[in-house]
Structure formats: C-alpha cells, structure tokens
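Novice: Pasting a structure below so you can have a look.
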Amino acid sequence: MALARPRPRLGDLIEISRFGYAHWAIYVGDGYVVHLAPASEIAGAGAASVLSALTNKAIVKKELLSVVAGGDNYRVNNKHDDRYTPLPSNKIVKRAEELVGQELPYSLTSDNCEHFVNHLRYGVSRSDQVTGAVTTVGVAAGLLAAASLVGILLARSKRERQ
C-alpha cells in the first residue's frame, strides 16, 4: 500500500528529496508548483541536478508537482514558520506567479531554489543546505588542521627523543 502524499496548501514550501540534496518549490494551487530550474536542466534529470553547478541562470517554471517530483518523495516543509512570519498565502502565490517565465541569476551558494522559495514565503533569502555544507566543510577543514598539527608535534617529539 502506497503512502498518502501530503496535501499542500497555497504558499506551502515543498521539499522534494533528490539523491544527495533537496529541490524546493512553492505550492500555488490545483496541483501546481512554482520553482527555480537551472537553465542547464536536462529533461528527466530532475530540477537542480548536478549539472546546475555549471550554470549561472535559471528559469522560474510553473509545473505540476507530480511532474517536478517525478518518482521522488516530497513533503510540505514550512520549516522556518517558527522563526519568520510567512507572508499571506495570496501574496506568496501572486509573487510566485508574476515570476513565471523569467530568467534569474542562479548560484548553488547564493541564489538556488531554496533561497528562491524562502524569499517568496518569508521575504528572507536563505538556504539551509548551503549553510549545512559550509559548516561541514569548515568542520572538516578544522579536523584536518588539528590532525596535521598533531602529526607535526608527534614527529617533533620523536626527533627530540632520538
């Protein structure tokens, strides 16, 4: 038995699980979402595919959620409602619809699909995926530096004992 899909409401953020990342869209009614799709997107590759790293432009598209999600799982995820006050749903939808067809700047780190939908819903452009990736890189760099320092100190100690 298949799991029931969530029933989004106007202006809801939709998180679509892709392999290794999430694609984001905003629900605008009648089964449709508005989302930012990199211009390099290949049909069937999924929005914000790995190829999105190669482009600096994206198109705002209005498509059926079922088409954008394909076989991937999705969920309503208004994750910042406790931090930011969402704009009225009619305003979110109006703003999203007005952008359909426009080409916008795109960057994985500063202007991606998550930034886009958060700006529409909250008026705040942010991406937790980017923040998480930067934190992970920072922690990894810190661990590498610490390991290097320990290695240097151990080598120095060994030389001094000889």
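Think of each number as a place in line: the chain as shown, counted from 1.
Positions of Cβ are set from backbone N, Cα and C atoms, glycine also.
Note that the structure is a prediction, hence the values are computed from the model and not measured.
Below are the features I grabbed from Swiss-Prot:
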TOPO_DOM  1-133  topological domain 'Cytoplasmic'
DOMAIN    13-129  domain 'LRAT'
ACT_SITE  HIS23  active site
ACT_SITE  HIS35  active site
ACT_SITE  CYS113  active site, acyl-thioester intermediate
TRANSMEM  134-154  transmembrane segment
TOPO_DOM  155-162  topological domain 'Lumenal'
Novice: Determine how many residues of the topological domain 'Cytoplasmic' (1-133) DSSP places in helix, in strand and in coil.
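Specialist: The counts are 37 helix, 38 strand, 58 coil.
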Novice: Provide the number of Cβ atoms within 10 Å of the Cβ of HIS35 (active site), excluding the reference atom itself.
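Specialist: Excluding its own Cβ, HIS35 (active site) sees 25 Cβ atoms within 10 Å.
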Novice: Grab the pLDDT values for the topological domain 'Cytoplasmic' (1-133) and give me their mean, rounded.
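Specialist: That stretch averages a pLDDT of 85.
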Novice: Rounded to the nearest Å, what's the C-alpha distance separating HIS35 (active site) and CYS113 (active site, acyl-thioester intermediate)? Just drop the number here, would you?
Specialist: 7
Novice: Whole-number Å distance between the CA of HIS23 (active site) and the CA of CYS113 (active site, acyl-thioester intermediate)?
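Specialist: Approximately 7 Å lies between the Cα of HIS23 (active site) and that of CYS113 (active site, acyl-thioester intermediate).
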